[in-house]
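> Below are the features I grabbed from TrEMBL:
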| type | residues | note |
| --- | --- | --- |
| COMPBIAS | 1-10 | compositional bias 'Basic residues' |
| REGION | 1-34 | region 'Disordered' |
| TRANSMEM | 41-66 | transmembrane segment |
| TRANSMEM | 179-197 | transmembrane segment |
| TRANSMEM | 217-235 | transmembrane segment |
| TRANSMEM | 242-260 | transmembrane segment |
| TRANSMEM | 266-284 | transmembrane segment |
| TRANSMEM | 296-324 | transmembrane segment |
| TRANSMEM | 344-362 | transmembrane segment |
| TRANSMEM | 416-437 | transmembrane segment |
| TRANSMEM | 457-478 | transmembrane segment |
| TRANSMEM | 485-505 | transmembrane segment |
| TRANSMEM | 525-543 | transmembrane segment |
């Protein structure tokens, strides 16, 4: 089991462009006064300083996470096999394709090996570029081969430094988004500081480097920044075209680098749909965003050799349905309150029905079943019936797919982030409800502003989008802990924007009858600065201690296993075992696998369930027959799975297999009435007794404290 042990000694007032000002600076005669002398110079200076601060924070974050990674593992000092083992589970699988491309005789041979791969799944030839999102590894390996850096930089460092460099892009994008929303780069500074001080809940890049989300989320943040700018009013046509291009490029790169892109963008599309229905966003811009999502996903589909899972995604069905429904209902935004509410309900029902019909039709035509495990998981998770489905229960029992732990909020509150986020969320939600009611009522805003300007509530399109975005992704994070990183990073942006926004303070002070322009400006800058000082004094010593703590990678059992496999088995040998371990076997030894952690394929899921019978109550003959049907030469058994204690009864892997096989579970506790005792003992326990019924099929060839390797007999 991989552990980390202590290292042994010896071995300003800047207003963003197009931002509506707080006060209408107009003279009584109606003439707009000219900028005071030096005003433009001050704005240029402010933007320059803000840009330098943003870039510096991004680079510092990149160096920070790179240093933490080095300090945790002593990465520069450990052997290559230890470096590769540190890329745990699916991270190792993805990195193995980068390594494969680097070691190929030529780029063409490397690409051919990926398109016609017969090492990842035994007795099958699969197209890796179709099945997995590994174009980033392909691009990076080609870049490494053509750049004159091989003598100065090892391939692994080129890879991890690229990922750490993307963290700089991530933080800069968050900084810019907050700046655009609030009109001051002080807000971006606060957002970046919150991102760093809440690192445990905002990123995990330093210990899961090759994970797909670490590639994708920086591009998602860039896309959100571009959408924020796009939703501003009074953009010039050239500005709008350039911004749409930026949104498209970011959307495409986000979609290309993460297999869960369609689900994240579906939530984004829902946010756009809600705001468009409530008349809080310009319809033309929303339409462009729908089209960009569809076109970006279709382009990825082409690059992934027409991956059917993309074509059958709910996102494409939903976006097409919205565009069709809008064509049918042309007068959706006309009429009084009751009239519009009726039209709105019909519109939502029409979009929902069209989405289901189109999606069912596509899946029927393409015979799609790749994502059925996700819907089974969601159905069971939200209480729509219990399930014995092995794949669904495998997700349900993982902590990462459970509810967001309550201690997350205590950590976020220690930096004041959650308190301020809640405060801003409440104020803007109230404002959004009022604005939505005004829009649906068909209120004449010009008249209202003329008669009751002091009491009129407004909400800019970019702020409205940010509000609904954070609410929807907050719901996703609360329901599924693994997705919290999509929420917490935007939480930093949203809270800092609210704290530095003159509009938010103006709304609050008007409610308290304390509003003056001068007071708003003082609060807008003083409270963020006080917050920054508090964060600095409280967390700077902890960050310094963290950077000075030195540890090293320590996993001798896995290192011993990988070295034995490389030295004592043929290069064509096929290995069976747990998904997580086999990813490391492929990376460290290049041997052929029976299964792996990339779970988005129905045949692979069925294969994995069959391979996992090594931990179930099955006869040695049955297990041998199953393994040999996949061409297995060696099987690796792990004590940490066979005698698992990490999960409670009912969620251990052996329990999931027992229930799926119709057998009662081990240990004290209840069983469902129709479960029966198995006539066979548990395979992974009984094989260690070297009974004749087992030694006929299996011969132990390697053993240490963690792993047992058995060679399979090749019966005729």
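Backbone N, Cα and C define each Cβ position, glycine as well.
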> Short question: most Cβ pairs under 8 Å with the transmembrane segment (525-543), which of 179-197, 217-235, 266-284, 296-324, 485-505?
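By the under-8 Å Cβ criterion, the transmembrane segment (525-543) pairs most with 179-197.
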> Determine whether the transmembrane segment (179-197) and the transmembrane segment (296-324) share at least three Cβ pairs under 8 Å, counting only pairs 6 or more apart in sequence.
no
> Does the transmembrane segment (485-505) come close to the transmembrane segment (416-437), meaning at least 3 CB pairs under 8 Å for residues 6 or more apart?
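Yes, these stretches are in contact.
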> Please check if the transmembrane segment (296-324) comes into contact with the transmembrane segment (217-235), where contact means 3 or more CB pairs closer than 8 Å and the residues in each pair are separated by 6 or more positions.
no
